[in-house]
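Input: a single structure, listed below in structure tokens.
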């Protein structure tokens, strides 16, 4: 019998649907205590800085696209603050109609407002198309889980998969790609082929957790 890593269903009988995965992963996150969340935030800041150091080729500031975590997600607050205070240019997404994203500069203290399209907080400021940001050194993406081959399970809104698909089109045209990392808790990194996926789902290049960062085994 092959069971899910969550230990509650026999995978040889019926694979878990995305809805089932999301429900149980969200419940796991809600069950974490404040101490575990705080330790995860500190670990994520350390691992995130390690990953950024791998793509840093000199003293010039980098442009990094990340996101503002919400609720029980691994907190990105400390990581974003550290990157901004180090002089890097941090941009986070705002949701647009049609499941599209624009990008706004983020720094500690930037005014925030709730999105009218998704249950997230967004910075107030000038909105940029991704292509207008210039060279982007790294991309951090929210996820509920990711497997070691890079298959990412998001919240289900479809914003990031559409965005990643547009980046893949750019890469296929021969232009440089942007390394993308899915951010999850350590226990949300799963073995290959455990997560359901379809044609819209776009794989990531790296897995970033509070414990470490590793490349996806593609």
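Each Cβ is built from the backbone N, Cα and C atoms, and glycine gets one as well.
The ATP binding site annotation in TrEMBL covers 18, 19, 20, 21, 22, 152, 153, 154, 155, 156, 157, 158, 159, 160. Per TrEMBL, the feature substrate binding site maps to 68, 73.
Shown here: features listed in TrEMBL, placed on the structure.
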{"residue": "18", "record": "ATP binding site", "DSSP class": "helix"}
{"residue": "68", "record": "substrate binding site", "DSSP class": "coil"}
{"residue": "73", "record": "substrate binding site", "DSSP class": "coil"}
{"residue": "153", "record": "ATP binding site", "DSSP class": "strand"}
{"residue": "159", "record": "ATP binding site", "DSSP class": "helix"}
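By a simple count of nearby Cβ atoms, those within 10 Å, the most crowded of the binding-site residues 68, 153 is 153. Separating the Cα atoms of residue 20 (ATP binding site) and residue 68 (substrate binding site) is a whole-number distance of 25 Å.
There are 14 other CB atoms within 10 A of the CB of residue 157 (ATP binding site), with all protein chains counted. Residues 18, 19, 20, 21, 22, 152, 153, 154, 155, 156, 157, 158, 159, 160, recorded as contacting ATP, have a largest CA-CA distance of 20 Å. Spatially, by CA atoms, the binding-site residues 153, 157, 159 include one closest to residue 73 (substrate binding site), and that is 153.
A straight line from the CA of residue 159 (ATP binding site) to the CA of residue 68 (substrate binding site) spans 15 Å.
Residues within less than 8 Å, Cβ to Cβ, of residue 155 (ATP binding site) and separated from it by at least 6 positions along the same chain comprise 22, 142, 144. Local packing around the Cβ, expressed as the count of other Cβ atoms within 10 angstroms, is greatest for 159 among the binding-site residues 18, 159. Here the Cβ of residue 20 (ATP binding site) has 16 other Cβ atoms within 10 Å, regardless of which shown protein chain they belong to. Counting every protein chain shown, the number of other Cβ atoms lying within 10 Å of the Cβ of residue 73 (substrate binding site) is 20.
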